[in-house]
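Input: a single structure, listed below in structure tokens.
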């Protein structure tokens, strides 16, 4: 495999930390060429020092020789005192800087200086903390407001969830859980993998192993949509449980219920069942990297397969049986067929009526009666009168 390089850098927001003294660090999600995703934290002073060194390495591209040749983006110098307001207001500029950086020519964007700066450090995974001091406050950058600093959120109190069973991680990007652990959820993915933090640990956790502290989370789940949304299967899967479906790559299906644990109820022809959402792509959407990413990822566990689950909300959770899904799907499909038949029959009736009118023999004009001899003698010309004499 070739040298490591960065495919994308996304600014998630920043943290206000209180140890060893109050300071701010920016949170970056770094996506690498091996399809791994790492969360790193950097102070702005570090980022600016990195930027100055990069300019020295590439004086032409930084515009030091001729300003017209500059392609390395600008970055404002840190203020004498960086408070929360300046940290917040700088996010739009920093997000744009990272986007431009990874899209520079490879000799810059893939150089060791860039690669090494964004590699995971020990303090990224295990930041130095003091249990006696309050934990960091997280400020997330809304996904739809990357370039508008006025839309930056205030301090976000991340949702706290409880682990309902032990979970052993199967990759370095995941986080192990013990029953009863309290985790803060940073990001909820519709794949069923949620990015969480527990004290000084961070990683991806299956949503099926988590329950909210403030009540059941059914309100976050969409209602079934029996009309269905068309999706294309991007990765084959063989059913393990009875209520799952076996599908091949390229199959077209309809999603009728999107569930939080990443296992969606789908319909193939008239058959319904569960299928991993991360193996599906909405029809019409282009994503060339999806297939290569899926080869290195596995589907999360389902809620129903979590063993020894000690959930206080288990009794309150809405349960929809496969029979209900199938029955409602059949009703919907039948009503759709009936509607199509009505439209088809109506169209046929109109066509048949038009054909009947076209084929109907046209009425012949009536032949007028022959005029009498006296009428001809009184009204016709001399030549006509001669013919009857």
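Here the Cβ of each residue, glycine as well, is placed from N, Cα and C on the backbone.
Remember, TrEMBL labels are computer predictions, not curated facts.
Here TrEMBL flags 286-296 as compositional bias 'Polar residues'.
Per TrEMBL, compositional bias 'Basic and acidic residues' is recorded for 352-361. Residues in the compositional bias 'Basic and acidic residues' (352-361) partition by DSSP class (helix H, G, I; strand E, B; coil) as 8 helix, 0 strand, 2 coil.
Marked as domain 'PX' by TrEMBL: 4-125.
Residues or ranges marked as domain 'SH3' by TrEMBL: 156-215 (among others). Per-residue pLDDT, averaged across the domain 'SH3' (156-215), gives 85.
Annotation source TrEMBL lists domain 'SH3' at 226-285 (among others).
Annotation source TrEMBL lists region 'Disordered' at 285-325 (among others).
Residues or ranges marked as region 'Disordered' by TrEMBL: 350-389 (among others).
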Using DSSP, how many residues in the domain 'SH3' (226-285) fall into helix, strand and coil? 3 helix, 29 strand, 28 coil
